Amino acid sequence: MALVVHLKTVAYLRGKGDRIAKVTFRGRVALLASNHSTFRWPIASKLDGNEMLEIQVYNYSKVFSNRLVGTFRMVLQKVAEEGNLELTDTLIDDNNTSIKTSVSIEIKYQTMDGTMGVWSDGEFLDVPDDRDGTFAFETDSLLSGQSHGSGTSPGRSLHGSIPTFRKAGKGVFSAMKLGKIKSSKDDHKKADEPAVLDMEDLDRKAMRLAGSLDPDTISLASVTAVTTNVSNKRSKPDIKMEPSSGRPVDYQISITVIEARQLVGLNMDPVVCVEIGDDKKYTSMKESTNCPYYNEYFVFDFHVPPDVMFDKIIKLSVIHSKNLLRSGTLVGTFKLDVGTVYSQPEHQFYHKWAILSDPDDITAGCKGYIKCDIAVVGKGDNIKTPHKANETDEDDIEGNLLLPEGVPSERQWARFYVRIYRAEGLPKMNTSIMANVKKAFIGENRDLVDPYVQVQFAGQKGKTSVQKSSYEPIWNEQIIFTEMFPPLCKRMKVQIRDSDKVNDVAIGTHFIDLRKISNDGDKGFLPTLGPAWVNMYGSTRQYTLMDEHQDLNEGLGEGVSFRARLLISVAVEILDTSSNEIMSSTEVQMEPVSNISESATGKSEEFFLFGSFLEATMIDRKIGDKAINFEVTIGNYGNQIDGVSKPSSAKKKKKDGEGEEEESELIQNSSEDEADEDGDLVSVSSTPLMKPVITDRNYFHLPYFEKKPCIYIKSWWQDQRRRLYNSNMMDKIADKLEEGLNDVQEIIKTEKAFPERRLRGVLEELSTGCSRFVTLANKDVSQAGRTKLDRERLKSCMREMDSMGQQAKQIRMQVKKNTVKDKLKLVNNFLQRLRFLADEPQHSIPDVFIWMMSNGKRIAYARIPSKDILYSIVDEEMGKDCGKVKAVFLRLPGKKGFGPAGWTVQAKLEMYLWLGLNKQRKDFLSGLPNGFEEIKAARSGPGLQSVPPLTLVYNMKQVFQLRAHMYQARSLFAADSSGLSDPFARVFFSTHSQVTEVLSETLCPTWDQLLVFDDVELFGEASELRDDPPIIVVEIYDQDTVGKAEFIGRTFAKPITKMCDEHYGPPRFPPQLEYYQIYRGNSTAGDLLAAFELLQIGQAGRADLPPIEGPTDSERGPILPVPLGIRPVLSRYRIEVLFWGLRDLKRINLAQVDRPRVDIECAGRGVQSALIQNYKKNPNFSTLVKWFEVDLPENELLHPPLNIRVVDCRAFGRYILVGSHAVTSLRRFIYSPPNKASNNWATAGTNVQLKETVIGDHKYNDKDKTKKKKKKKKGEVEEEEETDESMLDWWSKYFASIETLMEVCHSVLFLHYSCTHAHKFTSTHTCISTCMCLCPIQVYNKELESEYGNFEDWLHTFNLYRGKAGDDDETALDDDRIVGRFKGSLCMYKLPLSEEFTKEAGFDPNMGMFQSIPHNDPINVLVRVYVVRATDLHPADINGKADPYVVIKLGKSEVKDKENYISKQLNPVFGKSFDIEATFPMESMLTVSVYDWDLVGTDDLIGETKIDLENRFYSKHRATCGIASNYSVHGYNVWRDPMKPGQILAKLCKEGKVDGPHYGPGGKVKVANRIFLGATEIEDENGLRKQTEEHLALTVLKHWEEIPRAGCRLIPEHVETRPLLNPDKPGIEQGRIEMWVDMFPMDMPAPGPAIDISPRKPKRYELRVIIWNTDEVILEDDDYFTGEKSSDIFVRGWLKGQQEDKQDTDVHYHSLTGEGNFNWRFVFPFDYLMAEEKIVISKKESMFSWDETEYKIPARLTLQVWDADHFSADDFLGAIELDLNRFPRGAKTAKQCSIDMIRNEQELPTISIFKQKRVKGWWPFVARDENDEMELTGKVEAELHLLTAEEAEKSPVGLGRNEPDPLEKPNRPDTSLMWFLSPLKSIRYFIWHNYRWLILKVLGLLLLLLMLGLFLYSIPGYLVKKMLGA
């Protein structure tokens, strides 16, 4: 059938330009050019008379968005009747007025012949039926044309686009809903399970659809869930039962505070406080320093649900001068939440700098930095710490800030405004008994709730005011937080609480995730939300004094009922901290805000929810005896306790149906004043009561049969459907993507062909989906109530989706066979991104809850997100379960649902739900299975056709027979104490159930049983049932002799249906066996291999059905086997078993195992090992290899598991099961014959003719060596040092190996003075060669086992289990069930085997495939364990430290190193080796434990690690003794192995049947046609050279893996890092230990003495510092008399960590210029570790300490300048800290010395006192001023001289200016003496020195005045004389 639209012309268009027309029909869109274009829709269902066709004409623009000219709509009634119609009509514009422009069209509706029949069945893209999906032929170009404005070709008709699809063929099959069931890590909303098509069905479909397409482009999967939905009337069920969130788990947070820098303040005594939640821990106090070094480690343990954990705030703060009496002053704090750390790679920040800011003064800027490591470990996370090498202390702070990726380093302060407007729908909290008393007395019934809102963010809380007694409180207040932006706290918690005098309780909680309401991209936006309503969910609404589900109201776990909704908005404003009027504190403030209008959150619309209960089965038997009904609520509508009135605008009260009354009464009672526009439409929210009927002994069902009860509810919500629509579209794209990805993984896993094609298809689909989203979301008009977040989110979603679509296209081009896995990872990121985008932060319609009530009590519930059932006319926007039948499983609420109680189904409903606007109601029944009549309410009058039905009556019913072919299950859960189960399966279909037989004692039952369900009645049309049968539930139980059977797990399946008119035959029948994953709670519990078929019984009854063969096996009685066509095809295999031995068998029923035997069984056949006669004496088997033959399926995936059981043979012929192990997949043991070609040397890609390949090993070339040697020799002549070789030790190698060569510059410094000790190397080249000459060891930061495949190259270890499996999700608990280990191996191959193998020389037929295996007789071995050091130990003492020592156990011998414990260290360096003699196999498990020494009481175990030495000993990788990278016979690098390289090589060649070794002249050796080169000389202790072949042999050993057939990697000289675990804290690392093990068989020559790896002893040095002079020191004191500035200067100095040994110079009094002369000597003796650049200090922590603690501290010298005061405290003026390893060279003169020496420390060249030995110069003193700027406060001339202890002894000196070697007295000016010693002198000095010019001027002035006075005095007399002429 098809509908053809021919658009002839569009006339009277104004203006010029291109036009396009958009034709929409049934939610599908097509684009046409505006003249003469045709479009044709293939349609699957009949054209209905009321369907609409819409044509919109646009002005098309390349640049701007297209502008709508007008719209034409018509109802297709005439077309449906006549099939043809031509017409011309005018368009109407936006305001529904008609415009001039007219359109003339012709429409044809034809029912087609077979040419297009394929389409209706093989849905293209996403068209499972006509209501679903994009229009079939909107190919890529069309879409992109629309979205990117590239225009569409005129007349692009159907015929043009079909071929492109045929060619591409990738997107075609995407409709098929496929893929495995995923594990829903996130919340319940996402758990929409994809379904799976079996292969046959797909192939058939593919053939039908695409002719010659390759079947692999179609999705397929071997592990299936529910098979594909075709007619799309059913949605997929969710198999996970248990709520995942809310259950407490173990977490450990470890924080190392390393040091702090640049703390603001003068001369502080800082302490760092680490606070997580309410736990606080403090570091020790460091005195008078601004850059304290702590290196202290703190551990916090938590046992809380993940949500609670990740919201906890980690707060680091620095407090100045805190002691017992004062709390100290806060310098600054840094906050982040645990979730931020957990989302980092490896869940940790390592060596990062946290910026401190002052919460009380946000204008102040940075207050300093703390360097720390923070790690969060959950159960089963293992944290890989970067290797603890020497920290480079010059590290760049700005580049290593403690901030997540993408957060700018300059964070600004911002205000977060949370506005709380009002709430509604609060529950009636009449919990207090007082309320009832009050009511009795006063008679008033007030609202009994006093709500307020509390907001928590970043560790701060803010509250609104309390609104007394109000259910609809109005607050209109805003809470303001001031916090850095972007904040490092992800979530804001908003909680409505009820204020109560005793304790406040939470009513509901909502979390706002800031990442979802902001976008940090360059086009991003600040966090913004609302104003929008948020819905809160929690416990049920009936009120008891003690609410058992109170946790749910706190936001833990999934809410089980609607609680309230709250109108809030969030806004953020970035502060400009420079402006003055800003509030500088970060206290939370609260202020009133103005009210917002009703319409701000959207127009209130009437919504209609309809539901029908088609089936209610699997009702738990505990509630089966009472009548049951179901209640559906949305928000408070429909709730029986306090149902809700209509919105306040219409003040009519709606009464709710009280579910207890019968239907007819109910309707009459409740329709008093309901004259509504629909007539009296009353909500009916609950089904009538009904008594359940028994199904079987566990479950009941409700006898609905043909009468299906319905519910309907009208409710009023703000119309924000757009949000949900966008979210639905993204969810659908994501679901599809996930199905596709699961498919690809499945294809890869099952090694089927062409995964890359499927991946390309998936990407094609994704890009189509994305562009489709952009198109649809674009038409989002500005409707009422759109918030800023809606607009911004839409923009950013469209940007994201657009770019995702583009990227998907690009990646699609790059997918090749070899890149599939990488690209899969990339696409998985898309999936995460999509899921993140799809989660809408602003709620609109609350979720729907379905409650099962029994006897008026609420028993079990299901929660259905409203977006999933929301209706839209556009198909992509529709909720995935809207108008579909969904299987809903009800579960227990809250904590009751945890654990076993949560796994049993309380009830299974088949439900149909539809939610939409009341005005769109006409379609609400359209998705139901057809064939029903509506029974409406009794009183509905004639005019009320639109009243929804109360019941649906199905008169059509079909009868079927279901055949369940239950073949086998594997890897089931162990439910009995024996470690096995007695499983049987129970199959449920509709209201029927049947069980298989019980098979005892197995985890892998093969039932091979056909269950036949006769006369199953299903209601509805036959054709729909064919495409969409109900699901089958299979539950697997363990039969117990007493008590009821125990639940093991469940799975779902869909049967393949055959109608009576179909032929039973290929390709669909007989059905294929498929694997179905079995779930128990959220964890998997095995697989079921089965097939299901549903056969319709026609008129002729059962005679037409394919016959069933009768029971074949007489022993099994009437049990029917699985028929032949379905059971797998078998072929003959031989399985050889290597029996090696049993280890670590535990006691069984208190008796020890003495005579064990191993039974191997597979598919009913098996073999028994020889009996071990005395397990204690020799636990190995005497006969090594046995075999048996068995018939196994051809298809490897169907191979049954192989069971290994160990039994103990007791007296009187009794057998007791010790333990068992099931090998689920035999694939890794299948033998593949060696490739013939590989005998001569050729790997893939090498030429076969290449007979000889040359490998050179240049590093060990002789010339190189001599060069190095020469250099060293020179060095020795130059300086009288000990020789460089003797300086080197094992630690030099170790440190050189840890330092990676990438940090060449660092290793230059490091190697210079750690290895070669004062040789002046010049170039980095030499440095690197130095490193080479150090012969690095391989340092693995994990166990050796994980690097070398557990050493199971031929000997495998199988753990034997016994006892019940633990029920936690964590598998860690399985370790308790291990009762021993079986060592052996398996090999299986198809018979007959080719001849060549058995004809090989030396073939031992007794050993079968296990040739050349060593014998398993007991062997004596010397085990040498080297323990280097431990890191990050878990503190064991209250002081946050531990006193660790090592204990080593092997068999019965135990070595305790208790007396050498290391005091108060969490990173102890042990440096010990231990020798133990052992006999394999009796003693082969080595345990290395670290204990904590305690003075009193027993020592505590910190952690231990276990190593299986036997597998190492026998491994081909040769793990007995690592192969060094260099061969030398003396020195620190001496060869450790008793066998020399040559002997090892000869032995390996002989064992591997390899030709060689042939040594040739010129340093060559030939092995297996390959030639290796190497040095041929060696130097002995005396420096003599000898010829040797060992270097050559070593070269071959290092390349042994390249030798064909026999080659494998040999283990190098190494150190492995093993995690320490504590049995009390399973799964969480308690630290790591670095160690290695050497093993030497005792029948070989004895090895040399153990290498000395004892920790380096620190070297004693003496640092002499002479303070000569100071200059320009700032002047602090004012003189009493003269007001003059001066300072009494002295200098204080100390080495970091030795503050108590600080030394002061004498005081230079009264310096007036800042100049001071001292000539004073400080002497600092210290112990120094060259290699680690640390000073070692041993001191008692406090007077109570038992012993000294060793600290390692960077070598830093601090010099401070002070102003001495007699009566008040001295004033601190300035300081400088010099890192003795790298500090700036001093200036030659005081003038050249400037503050830049400190500021630009990074750029300036630095020197090390350990190399220079003697340095003199001027250095600046600095301090910080009020604005936190560095300022120069003086300069000091000092001389530093470093001597070793021996040199210091030879030339002693005195402190200060004392003997010996005294310094001369400084020449100080006289004023530095005091006033009272010589007052005149000082007056003269003072007054004359400072005021001499003033005095001279004054004197001059006085003289002048005198002259003037004399002149004036004498002039009258003079004048008189003159005048009188006398």
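Every residue, even glycine, has its Cβ placed from backbone N, Cα and C.
According to TrEMBL, the features are:
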- 658-680: compositional bias 'Acidic residues' (COMPBIAS)
- 233-354: domain 'C2' (DOMAIN)
- 397-528: domain 'C2' (DOMAIN)
- 944-1069: domain 'C2' (DOMAIN)
- 1116-1242: domain 'C2' (DOMAIN)
- 1404-1522: domain 'C2' (DOMAIN)
- 1643-1794: domain 'C2' (DOMAIN)
- 643-684: region 'Disordered' (REGION)
- 1891-1913: transmembrane segment (TRANSMEM)
Check the domain 'C2' (397-528) for me and report the mean pLDDT.
84
At an 8 Å Cβ cut-off, counting only pairs 6 or more apart in sequence, do the domain 'C2' (233-354) and the domain 'C2' (1404-1522) clear the bar of 3 or more pairs?
yes
Where, among 397-528, 1116-1242, 1404-1522, 1643-1794, do we find the most CB pairs under 8 A to the domain 'C2' (944-1069)?
1116-1242
Using a Cβ-Cβ cut-off of under 8 Å, list the residues of the same chain that are 6+ residues beyond the ends of the transmembrane segment (1891-1913) and lie near it.
none
Interface-richest range of 397-528, 1116-1242, 1404-1522 toward the domain 'C2' (1643-1794), CB pairs under 8 Å:
1404-1522
What is the three-state DSSP composition of the domain 'C2' (944-1069), stated as helix, strand and coil residue counts?
6 helix, 63 strand, 57 coil
